[in-house]
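Participant: Submitted below is the structure of interest, expressed as structure tokens.
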Amino acid sequence: MSLDVRAIDESDLPDWCRAMHTGFLRPPAVTKEEVEFRRAGIDVERTQGAFDDGRCVATFRSFPQRITVPGGAAVTASAVSNVTVSPTHRRRGLLSRMMDRDLRAAKERGEAASTLISAEYPIYGRYGYGPAVWVTEWEIDVPRAGLDRRYAGPADGGRVDLVDGADVRELGPALHERLRAARHGVVDRDTQWWQARTGEMPHPNHTWTEPFYAVHRSASGSVDGLLVYTADDVWEAKLSQTTATVRDCFAVTPDAERALWHFLLSVDWIIKVRTGLRAPDDLLPLLLPDPRAARTVTHADFLWLRPLDVPALLQARTYPASGSLVLDVADPAGLAAGRYLLEAGPDGAACTATTRPADLSLPVGELGTLYLGDESATRLAALGRVTEERPGALALADTLLRTARRPWCPDIF
Ligand SMILES: CC(=O)SCCNC(=O)CCNC(=O)[C@H](O)C(C)(C)COP(=O)(O)OP(=O)(O)OC[C@H]1O[C@@H](n2cnc3c(N)ncnc32)[C@H](O)[C@@H]1OP(=O)(O)O
């Protein structure tokens with residue numbers, strides 16, 4: 001049976017959406033509203049389908065994404081999403097065909113990396129992706145946490161204000177740009193992202209519940225933090241059992257971050273807080289007088305990164321120390337393979353192809369894992385995934401590549 005893998009055109013969208021629902025085990029019916037929502041948000045030229053006798057049986061799309069790298073610059077990545085293969089057509093190589101086409105096109109376009117959030121851990125390592133950002137979600141037992149429940153707002157001249165969705169559409173994008181410049185791992189949000197999450201254009205398949213929006217303003221009046229949460233308002237035997245669930249919480253100063261958490265953890269009736277996906281080194285548990293009140297409910301790999309242009313990636317980020325490393329990168333797909341000399345220093349870095357002997361040998365996915373500074377080369381070597389070719393190279397790699405704070409990617413895409 002020959003299966004046609006190709007870029008879709010606009011007339012394929014309803015069938016493509018149906019196939020995606022099927023692969024994600026959602027009811028297959030597709031509404032006109034969903035098709036319009038998708039049409040506004042996707043680039044059909046970067047959207048693939050596999051077709052069996054004209055019927056879509058697999059879906060895949062990518063879009064350009066800006067991801068912040070250590071030091072605050074951003075590189076353009078090809079972000080992959082909506083990957084499905086219908087159960088009738090699985091394990092016949094359809095994902096591999098779509099992935100191969102997309103990675104080669106991304107390389108051709110000059111995108112430095114490809115990124116995705118993996119549904120299951122074992123799927124994407126074979127294509128050269130490595131887990132680069134992890135996330136943790138906590139559930140906080142508020143009475144146990146020990147924060148002062150008499151909290152009446154920041155004592156430093158700052159303030160927390162409740163606002164509405166239109167305010168967030170106005171204030172949120174600029175604030176998020178400041179977050180992007182401050183935290184590596186963060187990815188950009190487009191207008192549709194803000195519209196969908198503030199009720200202006202909610203996703204047609206999700207029931208929209210208006211959340212509470214709060215902003216933190218510093219003493220000088222500038223907005224430096226945003227908190228978006230819902231509350232379920234549950235009572236039992238005249239006692240509140242209310243859980244607040246955080247949809248979004250970020251700040252560009254530690255004062256604002258602490259104030260927003262203290263605000264939420266002091267709201268009357270709230271006895272549990274689900275934090276949403278935080279960096280594993282978030283301020284949160286240690287922000288509580290009793291950090292054990294924060295129970296980990298999720299700790300998992302999140303954003304996977306696949307290097308496509310090693311020099312562009314390594315030159316875009318910063319390094320806390322000086323040193324030279326020759327990396328021998330293996331990539332059976334031939335997209336990023338080579339031997340590269342990284343000459344790094346606090347004032348910048350150069351990375352070029354070289355014939356010098358390698359200091360470290362590693363598969364391209366392991367470079368993806370090391371790139372944002374979250375993982376230790378020494379640990380990957382102990383796992384047998386990175387080879388130290390020159391004594392001391394692992395320690396130097398850790399000194400150069402690791403970052404003081406872990407990367408964070410708060411957004412699912
Ligand atoms: C970025 C995102 O969108 S993540 C969402 C991914 N989608 C899903 O999880 C939805 C449900 N699953 C599916 O739709 C499909 O099973 C997919 C997309 C995961 C895989 O599609 P397939 O066409 O079956 O993959 P394909 O046949 O190309 O498999 C290639 C290899 O990966 C392996 N593989 C594929 N999926 C998985 C998996 N979930 N777990 C482990 N191995 C897997 C295959 O066994 C095969 O290995 P081999 O080369 O050693 O034989």
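Positions of Cβ are set from backbone N, Cα and C atoms, glycine also.
According to TrEMBL, the record shows the following:
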- Tyr124: active site, proton donor (ACT_SITE)
- Phe413: active site, proton acceptor (ACT_SITE)
- Val83, Thr84, Val85, Arg91, Arg92, Gly93, Leu94, Leu95, Ser96: acetyl-CoA binding site (BINDING)
- 3-153: domain 'N-acetyltransferase' (DOMAIN)
Participant: Between the residue listed as 'active site, proton donor' and Val83 (acetyl-CoA binding site), what C-alpha distance do you get in Å?
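Facilitator: The separation of the Cα atoms works out to 11 Å.
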Participant: Taking the centroid of the Cβ atoms of Val83, Thr84, Val85, Arg91, Arg92, Gly93, Leu94, Leu95, Ser96 as the acetyl-CoA site, which other residues of that chain lie with their Cβ within 8 Å of it, listed in sequence order?
Facilitator: Ala50, Ala58, His89, Arg90, Arg97, Met98
Participant: Let me make sure I understand the span of the acetyl-CoA site: among Val83, Thr84, Val85, Arg91, Arg92, Gly93, Leu94, Leu95, Ser96, what is the greatest distance between any two Cα atoms, in Å?
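Facilitator: Those residues reach a largest Cα separation of 15 Å.
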Participant: To the nearest whole angstrom, state the Cα distance for the pair Leu94 (acetyl-CoA binding site) and Phe413 (active site, proton acceptor).
Facilitator: 21
Participant: At the level of the C-alpha atoms, what whole-angstrom distance separates Arg92 (acetyl-CoA binding site) and Phe413 (active site, proton acceptor)?
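Facilitator: Here the two Cα atoms lie 26 Å apart.
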Participant: Using DSSP and three states only, what is Val83 (acetyl-CoA binding site)?
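Facilitator: In three-state terms, Val83 (acetyl-CoA binding site) counts as strand.
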Participant: Using a Cβ cut-off under 8 Å and a sequence separation of 6 or more, which residues in the same chain sit near Ser96 (acetyl-CoA binding site)?
Facilitator: Tyr127
